[in-house]
């Protein structure tokens, strides 16, 4: 049966989308009744998902690749003379710690209002301008960056059965950036130029980001109900897909009640604790991995080159874990297992000070475990908050809490404590295991709540639309991903 034939049997003629111009406020879209027939598993849906993957995933992944290149280049710049040129040598490493943590302060303060505000603008303009801004900032650092909006944006397009793998592709590019960053830094280390190597590094990794921002403004699709990227058949399929298990917003609207609900949801704060632990490890690894590997007794250039394999392996581990997580619709247990792997890596660094082969293996455990924790956690909350406004508030809320861990991670590896860095390894180790425990607590909580609702309201069709416009994830027929 063709998409048009299915449409005729599934929609009332009044189910068309009405668009009205609103001065400078963009397009207000009035939602039609939800379709009576699901497109789940049909050839039309599979064709649409392939189309989405071909356009959306390359752009968002490359955006994050360059975002993370611009964030991780500071660790490589440290070995290329930045402290000597700009920080008076910084023999204690304290000044570098503050330089590394400066990014996170504005990130913590701004990401909740920025993410909520992003719902009022076309995604391609919002994300494209953000890319141009951070690219300019990174490039200009030669003279002297994460996106809470992307998980929200991807939830416009992908179902809960697809989000884990897509988030892994996206966040996995942070690990790819670590690998590429090491290769680029290795090449720059051997460049003979009129400017310092670290200055050249910032320029090489910053300028492409600005260009990518303008490409994003041109190619990235806006919301499903208003983009010209979809034809009308595809649009109707996508609107039905977006409302499986919940009821998606249509149009650039913000539900104030759901903002309040996010701030009152204890599970978001517990997710923040998970993110705090993982980001403490992530920030310290991103900034200090070349320095840690240098304690193995290798040269600066070789230390930068040896950062590549751990990042490459972590990208593969994250993708495989997310794929299994999608198939099983289980996030908490895989996430907790990954956190334990990261914690074991830190234990090895603490307890095996003299065997560099074991210590290098420990680095693989840390990167693989930590990146997987963050990628799976983002996918977990992408469905479990229930509505777009609560996602737009809740996702940056726990990310803001998590970035406080990034600030901590920037200050627990002072140079004077090398090469053992006992304090830094011990703190990161403990926080990885705390994240694992919190993941188990959240899983049990979601399981008990789903069981309570099933007993009280009955077991819903997992692909049926659920009206979450008033209660978000507290709607009686809404069910959490475990």
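Just so it is clear, glycine is given a Cβ too, placed from its N, Cα and C backbone atoms.
Just so you know, TrEMBL annotations are computer predictions that nobody has curated.
Remember, predicted model here, so these are calculated numbers, not experimental data.
TrEMBL lists 1-31 with the feature region 'Disordered'.
Marked as compositional bias 'Basic and acidic residues' by TrEMBL: 1-16.
Under the heading transmembrane segment, TrEMBL lists 125-147 (among others).
The transmembrane segment annotation in TrEMBL covers 168-188 (among others).
Marked as transmembrane segment by TrEMBL: 200-220 (among others).
Residues or ranges marked as transmembrane segment by TrEMBL: 266-288 (among others).
Residues annotated as transmembrane segment in TrEMBL: 308-325 (among others). Nonlocal intrachain contacts for the transmembrane segment (308-325), taken as residues 6+ away from its ends with a CB within less than 8 angstroms of a stretch CB, comprise 164-165, 167-169, 171-173, 175-179, 182-183, 289, 331, 334, 338, 363-364, 366-368, 370-372, 375-376, 379.
Summarising the annotation, TrEMBL assigns transmembrane segment to 332-352 (among others). Away from its own ends, the transmembrane segment (332-352) comes close to residues 274, 277-278, 281, 292, 317, 321, 324-325, 358-359, 361-366, 368-370, 372-373, 376-377, 380, 421-422, 425-426, 428-430, 432-433, 435-437, 439-440, 442-443, 446, 482 of its chain (Cβ-Cβ under 8 Å, at least six residues beyond either end).
Annotation source TrEMBL lists transmembrane segment at 358-382 (among others).
TrEMBL lists 425-446 (among others) with the feature transmembrane segment.
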Segment-segment contact (the transmembrane segment (168-188); the transmembrane segment (358-382)) at 3 or more Cβ pairs under 8 Å: yes
